[in-house]
Amino acid sequence: MVEFEPRSYEDFDPEKRPSFGQALLPIAGMITFLAVGIVLLGLDAQMPLLWGIAFTGVIARYGWGYTWDELFDGISNSIVMGLGAIFILFIIYMLIASWVDAGTIPFIMYWGLEFLTPAVFVPLAALLSFVVATAIGSSWTTAGSLGIALVGIGSGLGIPAPLTAGAILSGVYMGDKQSPLSDTTLLASGVSDVDLWDHVRGMFPNTIIVGVISLALYAVLGLMAETGGTGGTGAEVAQIQGGLAGTYTLSVLVLLPLVITFGLAIKGYPALPSLGAGVFSAAGVSILIQGRGFAEAWQIIYSGTGPKTGVDLVNNLLSTGGLEGSIWVITIVFGALSIGGILEATGVLSVIAHNTAKAVDSVGGATLVTALGPLVINALTADQYMSIVIPGMTFRDLNDEYDLDGTSLSRTLEETGTVSEPMIPWNSGGVFMASALGVPVLSYLPYYFVGILSPILVVIMGFTGWKMYMKDPEESPEESADTAA
């Protein structure tokens, strides 16, 4: 994790620092470019992002007096901040292709179709995703491995893919924010200056409430899918299983890459070596069990899979881009990080945060502003780390002013910053999840209940005072939670 500390409002030269109205100009420009480019012209996001970078750079250079070197430094710092996510993107795309070719994902799909029904599948997909993400501390790894298999099972059972994807994402992001192994959990507690376990305990009320509501909704939707006739027929399921069994050797040994990857993650190994071990072990399984040649196995990891199972649905589900397919995603991430770096380096984000904080006059208002911060930063910078660090550093004094304990701040950052990542189409998380699960962001968004409910609940808690952690020299944060009004 890269150390990053944003500059405060006072750190910027008043001669260069934009006014509030000026700070909104590049934001309005970027929104306009994205809307026109993607919605009206049907372009990929890379071109509108390029327009936004040029527009913001010209304003900052000739309107506010920043040098080209200062702007480039801002871009460089932002990209360095996002390098961890970029490296993980590279390796997860290799992991997905290798696990498909090794038979790992086909094995899970085959036996999932054997035992699951539409009535129980949707809530079970969310619950299983939550358990795995909590255990390994990674939403991306869970979605890029288990999640793909679950989408395949859901499609075989006749469950709409957006519903399955929404349930998976609810599980993986709730597990990610709650896991003490997650980098975002460590980051939120660190930037808020609170003990890690106080932070984890502080999120329990939100996790339980949002989790129960989400599971109930998924159970209802699963039952509706079954009774509404959208569930797959026995003949369709048998056809899919036949296609899988006829193409792959489905020995239990094909689960070895999964066991190695998750085992290393649970033991505390960083994401890159854990995922790398998963790729190398899957290549070995492809060669030894699926009968691939050495060069063939590694070429598939690079260029992706395109199985011919005789079943179109299975062919589509198991077609992957490999390392080569990650380039499209990473160019979007680079573009979004670049414009986010300019916005941070020129004081745009600090000016907006400073002026917003001046309108606060209550604990509820402080919580609302703090909650909006990560949502806005996630949209503007496309980086989950920045969505936690920038609002955390910016609004820490504001939370202190209203005697809010750091645990309240860290919880708000997680309940909005972590879970909102896959809700934004050009954010690194949104781009990856849409690509990996094969479902556009705007299609799964209505079913991503954790992402919708978590920010709402944390704001309600701020205005009602329920389970808000207040500073008290006589009590610990968890004790003050029991007495807060």
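Cβ coordinates come from backbone N, Cα and C, glycine included.
Long-range Cβ contacts of the transmembrane segment (23-43) within its own chain (Cβ-Cβ under 8 Å, at least 6 residues beyond either end) map to 49, 51-52, 55-56, 59-60, 339, 342-343, 347-348, 351-352, 380, 425-426. What Swiss-Prot lists as transmembrane segment is 23-43 (among others).
Per Swiss-Prot, the feature transmembrane segment maps to 48-68 (among others); the stated evidence is sequence analysis.
The annotation transmembrane segment is assigned in Swiss-Prot to 79-99 (among others). Panel annotation: around the transmembrane segment (79-99), residues 1-2, 4, 105, 140-141, 144-145, 148, 183, 257-258, 261, 271-272, 275-276, 278-279, 282-283, 286, 297, 300-302, 304-305, 320-323, 325-326, 329-330, 333-334, 337-338, 341, 382-386, 428, 432, 436 of the same chain, lying at least six beyond its termini, place a Cβ under 8 Å from a Cβ of the stretch.
Listed by sequence, the residues of this chain that lie at least six past the ends of the transmembrane segment (116-136) yet keep a Cβ under 8 A from its Cβ atoms are 142-143, 146-147, 150, 153-154, 157-159, 163-164, 167-176, 178-179, 181, 211, 214-215, 218-219, 221-223, 225-226, 230-232, 262, 265-266, 274. Residues or ranges marked as transmembrane segment in Swiss-Prot: 116-136 (among others).
Under 8 Å from some Cβ of the transmembrane segment (148-168) lie the Cβ atoms of residues 96, 99-100, 105, 108-109, 112-113, 116-118, 121-123, 125-126, 128-129, 218, 221-222, 225, 230-233, 236-237, 240, 313-314, 317-318, 433, 436-439, 443-449, all in the same chain and six or more residues away from its ends. Annotation source Swiss-Prot lists transmembrane segment at 148-168 (among others).
Sequence-distant neighbours of the transmembrane segment (203-223) (same chain, 6+ residues past either end, Cβ-Cβ under 8 Å): 118-123, 125-127, 130, 159, 163, 167, 170, 174, 177-178, 411, 414-415, 447, 449-450, 453-454, 457-458, 461, 467, 481. Feature annotation from Swiss-Prot assigns transmembrane segment to 203-223 (among others); the stated evidence is sequence analysis.
Same-chain residues lying 6+ beyond the ends of the transmembrane segment (246-266) with a Cβ under 8 Å from its Cβ atoms: 95, 98-99, 102-104, 106-107, 110, 132, 135-138, 141, 145, 181, 273-275, 277-279, 281-282, 285, 289-291, 307-310. Among the features that Swiss-Prot reports, transmembrane segment is placed at 246-266 (among others).
Sequence-distant contacts of the transmembrane segment (269-289) (same chain, at least 6 residues past either end, Cβ-Cβ under 8 Å): 87-88, 91-92, 94-95, 98-99, 101-104, 136, 138, 140-141, 145, 249, 251, 253-254, 256-258, 260-261, 297-298, 300-301. Under the heading transmembrane segment, Swiss-Prot lists 269-289 (among others).
Taken from Swiss-Prot, the feature transmembrane segment covers 323-343 (among others), and the record attributes it to sequence analysis. Here the transmembrane segment (323-343) has long-range neighbours at 26-27, 30, 44-46, 49-50, 52-53, 56-57, 60, 71, 74-79, 81-82, 85-86, 89-90, 92-94, 97, 301-304, 349, 377, 380-383, 386, 426-428, 431-432, 435, meaning same-chain residues at least 6 beyond its ends whose C-beta is under 8 angstroms from one of its own.
According to Swiss-Prot, the feature transmembrane segment maps to 362-382 (among others), an assignment based on sequence analysis.
When Cβ-Cβ distances below 8 Å are used as the criterion, the transmembrane segment (441-461) is approached by residues 161-163, 165-167, 169-171, 173-174, 205-206, 209-211, 213-214, 217-218, 221, 364, 367-368, 371, 375, 411-412, 415-416, 419-420, 422-425, 430, 433-434, 467-468 of the same chain, each at least six residues removed from its ends. The transmembrane segment annotation in Swiss-Prot covers 441-461 (among others) and rests on sequence analysis.
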